[in-house]
Each structure stands twice: as C-alpha cells, then as structure tokens.
There are 2 protein chains.
Amino acid sequence: MPVHLSPPDAASLHPVSGVRIGVAEAGIRKAGRKDLTVMLLDEGASVGGVFTQNRFCAAPVQVCREHLTAGAGADIRALVINTGCANAGTGAAGLEAARRTCDALAAQLGVRPQQVLPFSTGVILEPLPLERLQAGLPAALADAQPAHWLKAAEGIMTTDTVPKARSVKASVGGAQVTVTGISKGAGMIRPNMATMLGFVATDACVAPGLMPQLARALAESSFNRVTVDGDTSTNDSFIVIATNKAGHAPVQSLQSPEGQALFAALLEVARWLAQAIVRDGEGATKFITVQVEGGQNAAECRQVAYAIAHSPLVKTAFFASDPNLGRILAAIGYAGIADLDTEKIDLYLDGVHVATRGGRHPDYREEDGQRVMKQPEITVRVNLGRGAASETVWTCDLSHEYVSINADYRS
Amino acid sequence: MPVHLSPPDAASLHPVSGVRIGVAEAGIRKAGRKDLTVMLLDEGASVGGVFTQNRFCAAPVQVCREHLTAGAGADIRALVINTGCANAGTGAAGLEAARRTCDALAAQLGVRPQQVLPFSTGVILEPLPLERLQAGLPAALADAQPAHWLKAAEGIMTTDTVPKARSVKASVGGAQVTVTGISKGAGMIRPNMATMLGFVATDACVAPGLMPQLARALAESSFNRVTVDGDTSTNDSFIVIATNKAGHAPVQSLQSPEGQALFAALLEVARWLAQAIVRDGEGATKFITVQVEGGQNAAECRQVAYAIAHSPLVKTAFFASDPNLGRILAAIGYAGIADLDTEKIDLYLDGVHVATRGGRHPDYREEDGQRVMKQPEITVRVNLGRGAASETVWTCDLSHEYVSINADYRS
C-alpha cells in the first residue's frame, strides 16, 4: 500500500507543447504488457540528463551520455523507453543492441541515431530482445499524442503499484509555462526490475547550455535525496526537456528571476515525482522525512541523514511503530563524523523532543514517541550542534512486504 | 534457525587456568533470567581490547577504555557483563553507573575499581538499574568456577538463539596452551538489545605490551569481517585475555614462531565465534562468504565485499534462493571504486562462473546458479582484475524473520 499516493487524474496532467507520447506492447519480457514508450520532441528542444554513478552502468545509459555529449543536448528528437529488460551487465552485445534501438527509431523518424536517447529497465544480465523491441516501434509511433502523459507513466512502470505523474503551471519571463513529468521506481534499485527513471518536460525556453546544470541541480534536490534500500541501480536516469515553445526570452541563468521561477516549478514536479517513488517504495507503510541540521557542511548532514535512512534497524522500528529511538542515536554515532560531540545532539520526532545532550530528554515520554511513530508520515529531525548546514532525505520503512517483493521477484 | 550452528558441548570447552566464571540472575530487565556474568582473573593476566567505533559509544565502553589505558592491560582482575540494558545514550548518569558497577565488584574482590572492566548489552536510552546489578554480584561471585564457560556463553545471550563458545588447544613455545572463548550477538547491532560481545582467554604467556596489537589483529580477521545488517552497535567489545599460566617464555612478537602459533589458535577461536554470530544472525537461513580478490589494495576489496554483504537486494535474493546475480554486479558497481573497469570483472558462485568481462559468462546456465543458491552455505567470489589484494567478509541473508525480530522487539 503506497503511503498517501493515488493514481493521477489524466485531466490534471497538462500536455507540454512540443512533446508527443506513444505507448505499445512489444512483448519484451511478457506478452500483453505496455512495455515500450516513445517520447517525440519537436525540433528545437533542449535536453539535459543525470545518470547513475554505478560503474556497472547499463548500455542505454552509456549511449545516452554519448548522444547528449555529441549534440550538447540541443538536437534530441526522441526518447525510447522499454521495461522488462535493463540491458545491463550485457557487455559489448548490449551496447550494440542499445545503438540498434536508436538506429531503428531514427530511421522511422528521419533523424540521426544520435538524436535518440534510449532507456531500459528490468532484469540485469539478460540480453535485450532487440527484434521484438524494433517490431513494436511502429505501433508506439502511431499512438503518439500530446495528451498521453498518464499512458507514459503507466508504460514505464515495472513493479510500481501506482503510476507517477505530476503537472504544474508557472509564470516565467512573462509567459505561462507548463511543467509535466513522470517517474518510475520503488527504490534506488527495484528488485532487479532495477531502476528509477524520471522525465520532466516544460515548454519553457531555456538556453541549451544551461540544461546539464539544470538537470544536476534538480536531481540534487529531488531524486538524489530519496532512498528506499540504499541500492543504486545500473540504469537510473533523470531527463529534463525544455521544448522552447512558450515564447518568452530563453532563460540564461538559474540565478535570474525567470531562472528561479522556472527552477521552482521544475523542482516542485521533480520532488513530487521523487517522493512518489518512496511513497510507493517496496512494501512501504510509512513516509519518513529525515532532516539533519546544525552540521558544519551539507556533506556531513547527508552522511548522518543516510545513515539513519539506510539503517535496517531504524526502518524496521518505523514499520513496527516502535519508538525504539536509541537506534537512531546509534545510526548518528556510526555515520562517520570522527569528531562528533554526542553531548551536543538533539533528536526530535515531529514536535517531540526525544534526546538532548546525548541522552534521553528529561521530559520525553514513551507515549509521545509512540503517538508519532503510529502516523503514516513522520519527520525525524536531528540537530548536530556543529554549524549552520542542513540537508533533507526522504525514505520509507522496511516491512515484511519488502522482503516478499524482493525475494519473490522473477518467479 | 541458525545455519549449521549447534549449542556447544560443555565438555568440549576447556577451562583456562587463571579464569573463573560466575553467573547470576539480577533481574536487570526481566526476572528469572541469568543476566549477570563475572569473569575473574588471577593476578598477572594480560588483557587487550577492541571497542565500537560508534561515536555514541556506551558508558561501559568508555570505562573499559580508561581502565585498559590506566593499567596498560596488565592489572585487570575482573570483567562484569550484564544483559537487558546497554547503558548507552544515558549521558553522565550512565557513566556514573558504570563506574559504580566497577566500584562494587572491586570492593568485594579487594582490588581497585580500575582493575574491573564493565560490559553491558540491551536496550539503549534506558538507565542501568544499578542497585539490582550490585545486589546480584554476591551470587555471581559465589558461582565462580573455571568450568563455567558454557554458563557464561548462556549468561551473555540476549536474543541469540544458540550460546556461542569454542575451545582449542595448541602448542606454543614448547608448552600446550588452551584457548577458550565466548561471543554473543546476531548482527553488528542486535535489535537494540544491541551489541556483539566477544571474550577469548588463553593460559598462554604474552608480554602485556603485545595485547592491544593482538586484540586488534584478531578482531581485524574475525569480528571486523562479519556483518548482518551493517549497523554498528554502541557497545561492541572484543576482549583477549592471556593468563600467563602455561609456563613457557612469554610471546614478545606476533612474527615469532611461538607468536604465530598462538595467533593461529586464537584466530581459530575468534573467527569461529564471529562466524557463529552470522550463523545465528537475525532470521538467517544462509551463511554467505564474500571473497573479493584481484584488488589494488585490501581497502577496496573490503569496500566491494561490504557493498555486496550489505545490499538488501542481494540478501533477499539469497533468502529466496534466486540466482538474481545482476544484483551482485550492481553492488560491485556502486561500491565506490571510481576507476573500476567492469570489463575485467569475474564473478563466481561457489564453482560456477557466472559473469566475465562485465557480462554473463557464455557457459553460465541458470540451473547451475539455482543449484548453488539453494545451499545453506554459499561463497560469492569476485575477481576485480586490478591487483593482488584480497579480503573475505561473512554475512547472512535477509529474511522475513529479520523484519519480525526487529519489528517485534521490546514488545
């Protein structure tokens, strides 16, 4: 049961001028599934991307990096996404299959293969069924419509239980712009139907050279701040598309007023999509915000936040609604800050002051902790008492269902 | 169900001359439990210790460090171990309680408080019931016998399902020596009945100055190479005792022939005790050896080994006997070796060659992987193809039972 996450209403997802989406059944892994999605971009769109840091990165990730570098993200015309096979751990043959995928779609669109970005999600170590994928492309192209965002959100799902899509409108440089995005995933890596994918498009006008920075900055405050199990997929990809249709002067800098307005709208969508992955996390029953403040720098705040968010003991305590809060202190203690002074640490669970000066707060009562732990949404707030930096990470609990999903997958 | 681990036969545990053990029920957390153990050492023993790196280290750990430093480990006369309360996250009052524990036992033995080492394991953030502990000491002292090693192994258990004790004899410097040890724990941190504890004693003669190095070297190849859930307790302690009774010339160096003979015997016991913790790991159904070779240095081999051993996805795949081996490649990929060349990596599951050159081995068949995955003991072997270093880590799978144990604890 996802935590406070319902399927989006198709009418709430605004089309983005310059983007058309088509979905088809290609039978990649199983028959009768919508497993192939194409996203077609009008000429003139700017595209930026951020990809997995996993050294075993999948073949399509390698090809995406090449194609974005080759054209500096200014000439991309199509994205093609398959589920059912990650095309990762597949060596030279996998790379060739990813390239052939681009060739096939490019030929049908009359563009160059370098203008296509491929994405795959599914089982690792198995070859991509290239012929079935290619055979499915005409149906996907025939299906392409601006209004198909919900279909796309459904088309890229693997073991997600809810399609994830979000849309907002904002004013940028005097024009009204639309931001619409989709994501999939239920962990940094979902079973080995691996992978988190995120695609956000806007009709706003953005200088192509700004796109890599925009993608990185958005990912840093959204997809790079969520974790289910700490596993990083071989295929993680986040793509930002600006179709440059909204008719305002192109955004040249993220610091300008119009840059800030656009960034805020994009971040709202990206963060919602990232949090949706946690809300639909494998077996999740609680949505946990871990907020670490009072650090000397952002990096040490993240270290502590991830130590808490990744601790199986903390996560099972949340699942059990057990205010076993010593586990959080223990995680703070082993997060790796060598000169951490535990005497300066405060711990709060929502509004409840649990620990101070390295020990239990004198006013803390177990029933207060219990009350917060029973909620479906909980904020853990840690003050390290060392400085002014802060960071926030979102995660979920660790339940029986997580083990079931991951143990039973592939069967 | 622990993996290939049965309760030890009391007759197999050889007494160590110069060590007597007594156990009592002190009612620390619950009545009717043997929760207080004393280990009494004859004058002249040498003691070394290794403790948790957690910054939130428990009060008894702080006191152990002080007392071992004060006397350089050459004057310790007693160890006192309670279960039921970790005395961690308890601030100044907790430190005072640990000191009063030493005072009380020292007074009854007619030694100085600095000659006593205290150990606690149990719930974090709760005060140590000092009066009950003190009241239990006379019964524990009255019970003290050289043959009580099995009682001690039982006395320090918390949620362990099997007492852990091991004994060997060896020839050192022309004398026959005995090595006997006990351990407890079912994870680096067990629920928040936290903590791994290990105590190994020998009647061999060891120069006191060698003890800290001996303890560190043993821990590095035993207790520091096991992991259940990656959580590091606030109370982890490993103590090595040499009673200097065996009548041979004291070992002055671990490089000498007698030093090597003694180290081998101690390591056999320490490693067995450490592995027993994994075999009895929370909900464990499989015992996994992760062997990483071909690294440039030992540190990067450990990085990769722990990435595999800590991955919830790898661990659930082992639980399910699912040869979902792409998960292992993914963990290798995100272990943090920036210049890792995936083309040079080989992966074996016992004798089965699963992956080569970053992809599936052409001869690998799913049924071979399946056969190995069904075994209760499995070796994952990774060759990084970068150098000559290697490291081994032991871990277990992640099962429904792990979640149950950790979610239901304290109830």
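Even glycines carry a Cβ here, placed using N, Cα and C.
The active site, nucleophile annotation in TrEMBL covers A:Thr195. As annotated by TrEMBL, substrate binding site applies to A:Thr158, A:Lys184, A:Thr195, A:Glu282, A:Asn406, A:Ser411.
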Task: binding-site residues, contacting chain B; criterion Cβ under 8 Å; candidates A:Thr158, A:Lys184, A:Glu282, A:Asn406 - done: A:Asn406
- [ ] Reduce the DSSP letter at A:Thr158 (substrate binding site) to three states and note it down.
- [x] coil
TODO: Could you tell me which three-state DSSP class A:Lys184 (substrate binding site) falls into?
DONE: strand
Open item on the list: On the three-state reduction of DSSP, what should I expect for A:Glu282 (substrate binding site)?
Closed with: coil
TODO: Go through A:Thr158, A:Asn406, our binding-site residues, and report the one whose Cβ sees the most other Cβ atoms within 10 Å.
DONE: A:Asn406
Task: Sparsest-packed among the binding-site residues, when each Cβ's other Cβ atoms within 10 Å are tallied, from A:Lys184, A:Glu282 - done: A:Glu282
- [ ] May I ask you to report the DSSP-based helix, strand or coil state of A:Asn406 (substrate binding site)?
- [x] helix
